[in-house]
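**Q** Here's a structure for you.
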Amino acid sequence: MEESDSEKKMEKENLGPRADPPIGEPEGSLGWALPNTALKKKVLLMGKSGSGKTSMRSIIFANYIARDTRRLGATILDRLHSLQINSSLSTYSLVDSVGNTRTFDVEHSHVRFLGNLVLNLWDCGGQDTFMENYFTSQRDNIFRNVEVLIYVFDVESRELEKDMHYYQSCLEAILQNSPDAKIFCLVHKMDLVQEDQRDLIFKEREEDLRRLSRPLECSCFRTSIWDETLYKAWSSIVYQLIPNVQQLEMNLRNFAEIIEADEVLLFERATFLVISHYQCKEQRDAHRFEKISNIIKQFKLSCSKLAASFQSMEVRNSNFAAFIDIFTSNTYVMVVMSDPSIPSAATLINIRNARKHFEKLERVDGPKQCLLMR
Amino acid sequence: MADLDSDSRQLLIPEADHEVHPGPMNIQFESSDLRSNRPFHVEPTNIVGASHVAQRVSDRAAAMSKRIHYYSRLAAPADQALVAPDHVVPAPEERYVYSPLGSASKLQSCPEGSGRNSSLVTIFMIWNTMMGTSILSIPWGIKQAGFTTGVCIILLMGLLTLYCCYRVVRSRATIPSVDTAAWEFPDVCRHYFGAFGQWSSLLFSLVSLVGAMVVYWVLMSNFLFNTGKFMFNFIHHINDTDAVLRTNDSNPVVCPSAGSGRPDNGSAVLSADAAGLPQFEAWWDKSRTVPFYLVGLLLPLLSFRSPSFFARFNVLGTVSVVYLTFLVTLKAARSGFHLEFHWFEPTEFFVPEIRARFPQLTGVLTLAFFIHNCVITLLKSNKNQEHNVRDLSIAYLLVTLTYLYIGVLVFAAFPSPPLSKDCIEQNFLDNFPSSDVLSFVARIFLLFQMVTVYPLLGYLARVQLLGHVFGDPYPSVFHVLVLNLVIVGAGVSMACLYPNIGGIIRFSGAACGLAFVFVYPSLIHILSLRHEDRLTWPTLAFHVLLIVLGLANLLAQFFM
């Protein structure tokens, strides 16, 4: 029975690589620079089930946490006979022996960020056989066009061997299908480890992973959702995905000096991860990036409840004025002025003019027309 | 904080659609929601005043607070997914109220059931509050009731008032519909009995307060008089041997009320410059002049707007009681025990064990064990609220033991062969002459303590009376002055005309005890049980008996 199922699936596969269909705009975006038929590059977020990927995605992308539909689906599916997967709609329908159809969600997100990257979440090496089968049969499709692989390890996992085994099979698939992909490994849930042992344990894991990943190069981070390490890790990942980041920083610096700002930050639009920043004097609070990111994401959640989308914000008191505004198609900017005598209008005009300049920078890479396509 | 109920509606939308622009959703939102969900709304109580040395929150803590705040918006309330685990959240002792402006203040107000005092501190506070000047009248009360009867009555009254106190503590829990976190017992009475309850509880509370203040005035005049007399005699080296009955030793005990009233013609052994004695006695008289001198000292103190200055001297009360215990022990050790048991007939030196005048003791004890109007507030600060009843019982036990100790020792050690037990004065310190050094020290302690507590009592009376009648505890200097004059006048007149503290204590005790100890707690209990249909005949009978006892207590004061 299972043979015929996978044959059925293979048949569908052999229709050739399917372009991912046009997906709705993420909330808050106004006009994409890209034509919709361009191939989307993927960011794969993979890891064992229960390693914290869903929470991580919710936190970084300010989504509400999805109910655990996949697990629900799997137990039912084990008993059913045939299955159709329709990944374009990110649902799968079950047709049982009698012909009734039921539809479930696959944990398959279409969160967009960094221009045209799409985040896909996959459970790798979970218990249920359904996802394993699906995974194996869809492997090539999953691992094609991958820009970034982020693999999440649970530091408390008792099955290190198995984890490494699954990791290696993912790497093999990457090597076959997207050899240019960047690999990042996150050793997650570090808050469960005692503070004095964290460095040691992380170093061990890092060495193992580096060794296992050869000939591919991987960067390792230790993360926990309960401190700033998660944000920093994702910021580093995003930072490495920007091709012309040095040039961007130079331009940002010029911009800041011209408008006499204390600090200028460039955020990625969907996640408010800091892409680059310039500060002209020492700032006291090292955690300010994450705090601003959390504040704005929370505000965005509130706005979405009212069917509104966040566009810009101005915060002003006798000591400073801060402006957060849409900048380019993929970024937000935050400008902090410590001279409150400069009228808002002046700064806003400056930002508007700078916008055009930075948009050009984004398009500098020619026909691909995206900041981050390579 | 986030309105998580409407958030959960979002969760029903399938994940894939979430990236689609939602479109006008059918979310009901009130404008009040907007106000309550403002992300930077900070309660005014959380802003530390500019004059305070504000503790700033560390950046790390501020970041963590923001993180937790943000994560709580991502998940439904039922979801445990993003709830901060214990090892990440600071320990309860390290929690502060954090204002996004960066400052932090420790939580001042204890919400229901989270006080910070250990059981020991709570027990001490209750003991300290209950220990009043009625301790001075306990030996007299035992004498009025007879020794055996007295001891039994002390124990029984302790138990009875403890049970009624327990009822008071439980009375708030009988009101499920309203938030009673800030309520005291008078508020509960108002809830059950309406305006009548409010005004009657106010009246009885005032009775106890004014009664206490009158007693204080009498005692203060007494102690001031004796102190002045001691110092005058000491300076002029007068050996004061009035024509009062006294024991013949170096530390005499006197019987002031025996003999022919007050010794106007005191046959004092005069020394050389004793010429001033008659004049001194004319100007320094216990009931004619000294009470008036006190007016000059205390009336200004009563007009203070806030008594917080006086609250610092709370410790004097404890010191006085401890010193009294020490004094009594010492005197008893020197004098030895003089007890004879005659059951029904009085003898020349002894009183019967059972006397008809025992209601006088119950009246005194009602005030001695009275704490019912403020026990709820005292127990609020207990750290382990489930130990409230246990701690209250222990405190009552300690109070009973203290009263028993002093009462029994003074009574038993009273030198009966030369003096009759009937000589025990309503204020047992009166049984020591003014030349006695130990009691002089005791009187000084008590005088200081009373001078500091008197304005506190005046403040409480003012807040309650003027607060309820005029709505403002300090409506104008005129109002406050009139009230103070009335109270002071009552004290002065009592000190001049009827300086019997035992009598004043028993009347005011029985009166306010009727309301707060016997009637209200029992009535409230009966009513709440009837609401819940759990009233049984034994319970009803028992509590009605309590009410009858309270009434009998009050009536007996007039007849016995």
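Numbers here mean position along the shown chain, with the first residue as 1.
From the backbone N, Cα and C atoms, a Cβ is placed for every residue, glycine too.
Pasting the feature list from TrEMBL:
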{"type": "DOMAIN", "residues": "B:118-236", "note": "domain 'Amino acid transporter transmembrane'"}
{"type": "TRANSMEM", "residues": "B:120-140", "note": "transmembrane segment"}
{"type": "TRANSMEM", "residues": "B:146-166", "note": "transmembrane segment"}
{"type": "TRANSMEM", "residues": "B:199-219", "note": "transmembrane segment"}
{"type": "DOMAIN", "residues": "B:298-554", "note": "domain 'Amino acid transporter transmembrane'"}
{"type": "TRANSMEM", "residues": "B:309-330", "note": "transmembrane segment"}
{"type": "TRANSMEM", "residues": "B:361-379", "note": "transmembrane segment"}
{"type": "TRANSMEM", "residues": "B:394-416", "note": "transmembrane segment"}
{"type": "TRANSMEM", "residues": "B:437-457", "note": "transmembrane segment"}
{"type": "TRANSMEM", "residues": "B:477-498", "note": "transmembrane segment"}
{"type": "TRANSMEM", "residues": "B:510-528", "note": "transmembrane segment"}
{"type": "TRANSMEM", "residues": "B:540-559", "note": "transmembrane segment"}
**Q** Among the recorded stretches B:146-166, B:394-416, B:510-528, which has the greatest number of Cβ pairs closer than 8 Å to the transmembrane segment (B:361-379)?
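**A** Top-ranked stretch among B:146-166, B:394-416, B:510-528: B:146-166.
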**Q** I need to check the long-range neighbours of the transmembrane segment (B:120-140): which residues 6 or more away from its ends have a CB within less than 8 Å of a CB in the stretch?
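**A** Cβ under 8 Å, 6 or more out: 154, 212, 215-216, 219, 314, 317-318, 321, 324, 364-365, 367-371, 374-375, 378-379, 381-382, 391-392, 394-396, 398-399, 402-403, 406-407, 410-411, 414, 424-429, 446, 450, 501-502, 505, 509.
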**Q** Suppose I define contact as three or more CB-CB distances under 8 A, residues 6 or more apart in sequence; do the transmembrane segment (B:437-457) and the transmembrane segment (B:146-166) meet it?
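**A** Result for the transmembrane segment (B:437-457) with the transmembrane segment (B:146-166) is no.
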**Q** What does DSSP give as the helix, strand and coil breakdown of the domain 'Amino acid transporter transmembrane' (B:118-236)?
**A** 105 helix, 0 strand, 14 coil
**Q** With a Cβ cut-off under 8 Å, give me the same-chain residues at least six positions beyond the ends of the transmembrane segment (B:394-416) that come close to it.
**A** 122-123, 126-127, 130-131, 135, 138-139, 141-143, 147, 150-151, 154-155, 158, 161-162, 165, 247, 253, 321, 324-325, 328-329, 331-332, 335-340, 349-350, 365, 368-369, 423-424, 428, 431
**Q** Which residues, given as numbers and ranges, are at least 6 beyond the ends of the transmembrane segment (B:477-498) yet have a Cβ under 8 Å from it?
**A** 210, 213-214, 216-218, 221, 287-288, 290-292, 294-295, 298-299, 302-303, 458, 461-462, 465-466, 470, 504
